[in-house]
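Features of the protein shown, as given by TrEMBL:
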DOMAIN    13-141  domain 'ABC transporter TMD0'
TRANSMEM  22-40  transmembrane segment
TRANSMEM  60-82  transmembrane segment
TRANSMEM  88-105  transmembrane segment
TRANSMEM  117-139  transmembrane segment
TRANSMEM  159-179  transmembrane segment
Amino acid sequence: MPLCSHRLPIPGSPSTCTLDTAIVPIPSFCFIATFFLLHLRFIKSKINAGSPTYPKWLHYVYFVLVIAALGMTLLEIARLVVADLGVGLLPITPVALALAIVILWHERRARTRIMSYLLSGYWLFILVVEIVKTVRLHVLEQKEVGKPAYPASDMWLDNVVLTALYALFLCTEFVELALSRGPAGEPFELRGVR
């Protein structure tokens with residue numbers, strides 16, 4: 001299967017093929033590369049984490065919603081495969097989301113500010129890209145004719161859900177950073193409503 005096939009052309013730029021092969025994967029590639037560079041730094045410094053002061057359920061809700069975002073991306077990829085539209089380089093996004101899940105699971109007892117900055121940057125970057133993709137899919141929805149296997153309205157709705165989840169994740173990380181104290185490399189305890 002080629003990276004993109006049987007895609008409807010839409011006026012303007014970027015096309016859905018360009019989005020799925022060149023633009024949407026960029027935040028995930030950057031996130032994975034940055035994580036591994038930071039991980040090498042953490043191996044050398046051996047930062048210890050403290051115990052949290054926030055309710056565990058709040059972190060687990062965030063964790064489950066990231067798993068839901070992973071499921072939504074896998075659903076989008078599966079629907080593109082079934083419709084024979086090609087998936088581009090979209091499979092890197094579930095890999096990055098799985099890495100985010102590992103980070104959240106590993107830091108469930110305490111969070112380091114550097115990982116919060118990393119996740120905030122990723123959520124912001126992917127949110128902007130998803131907004132662009134959602135706007136372009138809305139244009140596609142207006143131009144679509146017939147009954148395709150993966151209608152543009154469904155593509156648009158899937159991406160709106162992902163956009164909302166990424167916005168929620170970004171807000172969560174901003175709140176955690178606002179509540180944090182101490183130097184950027186030191187662990188901090190999450191504070192929340194008890």
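Using N, Cα and C of the backbone, Cβ positions are placed for all residues, glycine too.
Keep in mind that what you see is a predicted model, and the values were worked out from it rather than measured.
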Chain residues in Cβ proximity to the transmembrane segment (159-179) (below 8 Å; excluding those fewer than six residues from its ends, i.e. six or more beyond): 62, 65-66, 68-69, 72-73, 76, 111, 113, 116-117, 119-120, 123-124, 126-127, 130-131, 133-134, 137, 190-192
Overall pLDDT for the domain 'ABC transporter TMD0' (13-141), taken as the rounded mean: 87
DSSP-assigned states of the domain 'ABC transporter TMD0' (13-141) in counts, ordered helix, strand, coil: 100 helix, 3 strand, 26 coil
